[in-house]
Amino acid sequence: MLVLALESSCDETAAAVVKDGRTVLSSIVASQISVHAEYGGVVPEIASRKHLESVSFVVEQALAEAGVGLDRIDGIAVTQGPGLAGALLVGISVAKGLAFGRSLPLVGVNHIEGHLLAVFLEAPVQFPFIALAVSGGHSHLYRVDGIGRYQTLGQTVDDAAGEAFDKVAKLIGLPYPGGVAIDRLAVSGDPKAIKFPRPLLHDGTFNFSFSGLKTAVLTHVGKHPEAKEAGINDLAASFQAAVCEVLTKKTAAAVAATGIKRLVVAGGVACNSALRRSMAEYAAANGVELSIPSPALCADNAAMIAVPGDYYLGLGVTSGFDLDALPVWPLDKLALRLKEHC
């Protein structure tokens, strides 16, 4: 099956053609980073307008790079949520138009589900597995028993990890996207220079909290303004170390509690070099089978949307033309989709 997938949940306009939910024939991404960098973060209205400007181009390029026309496409998958409502609607509208015009089946896909399954585009992972989804809007731990079968084990109670990276970066004068800037500076810094707190590390749950850590950085900079200049590398490394330690140890606790020794780490923050290293060291020391997609598949893309899209379309699970954006869409609710179909 050839699936044309579209993604427009935040600030990346993307389209991809994927065969049988595993082989990427094309993956085109139009980034808006340079546009939003001026504002220090994503501006929803601007994001929607940029999606409108780019969506036709990325679809055309995806088809051209794959060497196929719309007449060869068997189905269309589109990110339905979670994300920015206006941004989501751009991709959804185009997907509906293509599906209607070509009489193709259409299915709305959960963006986070796409992240968790992106790894299947590079190597198969056996179910069940524990998954850590870390991005600008999410820091969640899941038990994954199959496509469409997810159990939330823990989640952020305030800021997501990616959000914390961006806010701290802005606080210390670094450009957007903050995670990339902090990762780059941290390479030359001492992660033990500043002892920042590790929120909720020993609370007995699998939940996360990064708001207090952000406040701790603000307090430190207020007391030591020189940290934003001469000590900025140490500051970046120390903050990053705190985030990575919490993410790794909470994930390790979930693995230990469930006894499932297969782990997937996904989402934009999974591009972070320190987090990848921390997870790899933990997995190697504890006999855990670790899978982290390549950075291109950790960042927002449409190829990952085709993985669950292909599966649902193959089952005959489709969406009607009343498909609407779901800015909030918990993964746990996806099981209802399969139950209703069966």
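Just so it is clear, glycine is given a Cβ too, placed from its N, Cα and C backbone atoms.
The feature Fe cation binding site is assigned by Swiss-Prot to His111, His115, Asp300. The secondary structure of His115 (Fe cation binding site), as reduced to three states from DSSP, is helical. Long-range Cβ neighbours of His115 (Fe cation binding site) (same chain, at least 6 residues apart, Cβ-Cβ under 8 Å): Ala133, Ser135, Ala266, Gly267, Cys298, Met304.
Listed in sequence order, the residues of the same chain lying 6 or more apart from Gly179 (substrate binding site) and placing their CB within less than 8 Å of its CB are Gly162, Phe165, Asp166, Ala169, Gly268, Val269, Cys271, Asn272. Secondary structure from DSSP puts Gly179 (substrate binding site) in a helix. What Swiss-Prot lists as substrate binding site is Ala133, Val134, Ser135, Gly136, Gly137, Asp166, Gly179, Asp183, Asn272.
Here the binding-site residues are His111, Gly137, and the one ringed by the most other CB atoms within 10 angstroms is His111. The maximal spread of the substrate binding site, taken as the longest Cα to Cα distance among Ala133, Val134, Ser135, Gly136, Gly137, Asp166, Gly179, Asp183, Asn272, is 18 Å. Within 8 Å of the centroid of the Cβ atoms of His111, His115, Asp300, where the record puts Fe cation, the same chain has further Cβ atoms from Glu7, Ser9, Thr79, Ile112, Gly114, Ser135, Gly267, Gly268, Asn301, Met304, Ile305. Ser135 (substrate binding site): 25 other CB atoms within 10 A of its CB, across all protein chains.
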